[in-house]
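Peer 1: The structure's right below; bear with me while I get my questions together.
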Amino acid sequence: MQPTRSVRPFKVVSDYSPSGDQPTAIAELAGRVNAGEPDVVLLGATGTGKSATAAWLIEKVQRPTLILAHNKTLAAQLATEFRELMPDNAVEYFVSYYDYYQPEAYVPQTDTFIEKDSSVNAEVERLRHSTTNSLLSRRDVVVVSTVSCIYGLGQPEQYMNAMVALQVGMQIDRDTLIRKFVSMQYQRNDVDFSRGNFRVRGDTIEIIPMYEELAIRIEMFGDEIEALYQLHPLTGDVVRKMDSVSVFPGSHYVAETEVMRRAIGTIQQELEERLTVLEREGKLLEAQRLRMRTNFDIEMMQQIGFCSGIENYSRHIDGRDAGEAPHCLLDYFPDDFLVVIDESHVTVPQIGAMFEGDSSRKRTLVEHGFRLPSALDNRPLKWNEFTERVPQTVYMSATPGKYELGMGDGVVEQIIRPTGLIDPAIVVKPTKGQIDDLLEQIRIRVEKDERILVTTLTKKMAEELTDYFAEAGVRVRYLHSDVDTLRRVELLSELRAGVYDVLVGINLLREGLDLPEVSLVAILDADKEGFLRSSTSLIQTIGRAARNVSGEVHMYADVLTDSMKRAIEETDRRREKQVAYNTEHGIDPTPLRKRIADITEILAREGEDTKKMLEGRGGGKRSPTPNLRREGKAAAGANELETIISDLNDQMLQAAGELKFELAARLRDELGDLKRELRQMEKAGHLS
């Protein structure tokens, strides 16, 4: 079955229009993409609005787009930006749904087998299903993803074939529909009505699809669908009545009965062949282990159509040849999609490195009888397989790597900032007396209420420097990999808010740090060639001072290395162009003042508000959440809502403590809605 995608135009909704270098960059990028160029490079200086440029590019070319980021945090930031810029289009977030993941592994030296252990984030899993649902049902889709998009995923054709399309007036037997939902990996549960489950009450079936927050109610009269509703799963309130709805499977690895029967046959055949090899080599223990594990999985697949670790048999389910690339998220896109790789100097090498790390672990499992050789084909794409599947790519970076620069026919530059801000001036100073000089520079800027970043080469030096500055009366903190993520967010917010003035770090002051209050970046030991002092790293670090009108960078070095020369020459080139543009157009650089948003503060405020509200009603935590289902129209009373609010508040704070920020933010939003509902009920006098 070929997907039928609804067509709606991509549209950017913004109070701002393209400015600075953006109009030229957008026009040139769109021209090259429309001309069919396979690779285009955007060299965009820090703070020039590359994300907005990408959004306007998508609006120009009208293509479904995959945006790749090199970590979950940046992906979440990008997804938020694109949702604000394109509110009428489907902006999806596709990352690994594991909060914790320990893959199965075997250590031959100690004869230790490590079972697969993982903790799945249900909200991120919903967003993954929402992504594939959107890709197969509409064209106006922007997916923000990490390298998770190149890992194996179920075959889109089988996913589509398993989908059930329901329509009012449609003839279908109730039991047939129930069996269909079970085959789609949904579970019947008449008590716990949650995502991935369905429940049956007489001729009414209710299901919460894996990709939805709202439930679907199917009311039947005999073998005919009489009505379809979308409803709130908690309160049972009907959101809207529908004429038709499509329900997609509850797993990306779903397969039809005939496909599964064929797959089991080829798995058994491979098992016999592999057992023969192992026994011939005298590996009797490995042969027995493989026989037991595989036969158990086969029995599970025969009984329920699924087993733990079914992805290791994906080659058989898909009917692929040995060594053939797996299906992944890229296969769910239409043929004419566009890929935008953000911070390409980091993301491109990351994509290329995924395959080897995965295969080395699995080879050990295969050799020792824990998995069949076909498990090796459940893997991420190799770099050449990735490029074969991508029709056109736009690489975005302030410092494009050699690979990107060698691919495109010249780069598209975006150097001029909409704010008129110019790249910081660079001053090279000798290392002798560098600490005293830096201390003097810090005091000058503290008097102006400006902030300072100091980057060192080692953790020890960062700590010692922090202690020295603190003894000298400077308000200072340090930041390195041992500082946990939540504390890192707090430190950056405190720096911007003026709780302290100087932040000392190592390699954490590069991509993705947006600190407009910083006017000085000090780079100690700038002449020590290496990863932390390469031209790319230096340019990225210099960019941290590019969001302030009086931004400066002080490099402490006794020798001018090649990396320093390249970084200084590139920065001077950009400054010259920016100053000339500002002079020609009469632009005065405008200070960039961004609102300081700290998720920890927002969540703490929400939690305090909830506590006061419940105490005000004499509540607090009550008995376990009662069963909210009602015959007819379900509704939650005030007391029940209090309990739910209390539970949700605990879940929100727990999610924040476990660094599940996306989940915490969503719980915060849901909490706000429920509290508004409770206040309205109190105002109206509807108390239970």
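Going from the start of the chain as shown, residues are counted 1 onward.
Note: Cβ is positioned from N, Cα and C throughout, glycine not excepted.
Checked Swiss-Prot, it gives:
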- 31-188: domain 'Helicase ATP-binding' (DOMAIN)
- Gly44, Ala45, Thr46, Gly47, Thr48, Gly49, Lys50, Ser51: ATP binding site (BINDING)
- 97-120: motif 'Beta-hairpin' (MOTIF)
- 434-587: domain 'Helicase C-terminal' (DOMAIN)
- 607-632: region 'Disordered' (REGION)
- 642-677: domain 'UVR' (DOMAIN)
Peer 1: Which secondary structure state does DSSP assign to Gly49 (ATP binding site), in the simple three-class scheme?
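Peer 2: In the DSSP reduction, Gly49 (ATP binding site) maps to coil.
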Peer 1: Cβ atoms within 10 Å, counted per site: which of Thr46, Thr48, Ser51 has the most, among these binding-site residues?
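Peer 2: Of Thr46, Thr48, Ser51, the one with the most crowded Cβ is Thr48.
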Peer 1: Name the secondary structure element type, per DSSP in three states, that contains Gly44 (ATP binding site).
Peer 2: strand
Peer 1: Give me the mean pLDDT over the motif 'Beta-hairpin' (97-120), rounded to a whole number.
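Peer 2: Averaged over the motif 'Beta-hairpin' (97-120), the predicted model reaches a pLDDT of 69.
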Peer 1: Taking the Cβ of Gly44 (ATP binding site) as the centre, how many other Cβ atoms fall within a 10 Å radius?
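Peer 2: So the Cβ neighbour count for Gly44 (ATP binding site) comes to 26.
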Peer 1: Could you count the residues of the domain 'UVR' (642-677) that DSSP puts in helix, in strand and in coil?
Peer 2: 33 helix, 0 strand, 3 coil
Peer 1: Under a criterion of Cβ-Cβ distance under 8 Å and sequence separation of at least 6, what residues of the same chain contact Gly49 (ATP binding site)?
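Peer 2: Long-range Cβ contacts: Gly20, Gln22, Gln414, Arg417, Pro418.
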Peer 1: Around the ATP site formed by Gly44, Ala45, Thr46, Gly47, Thr48, Gly49, Lys50, Ser51, which additional residues qualify by having Cβ within 8 Å of the site's Cβ center?
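Peer 2: Output for this site, in sequence order: Thr53, Ala398, Gln414, Arg417.
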Peer 1: Long-range neighbours only, meaning 6 or more apart in sequence with Cβ under 8 Å: which ones does Ala45 (ATP binding site) have?
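Peer 2: Residues satisfying the criterion: Ala398, Gln414, Ile415, Arg417, Asp423, Gly543, Ala546, Arg574.
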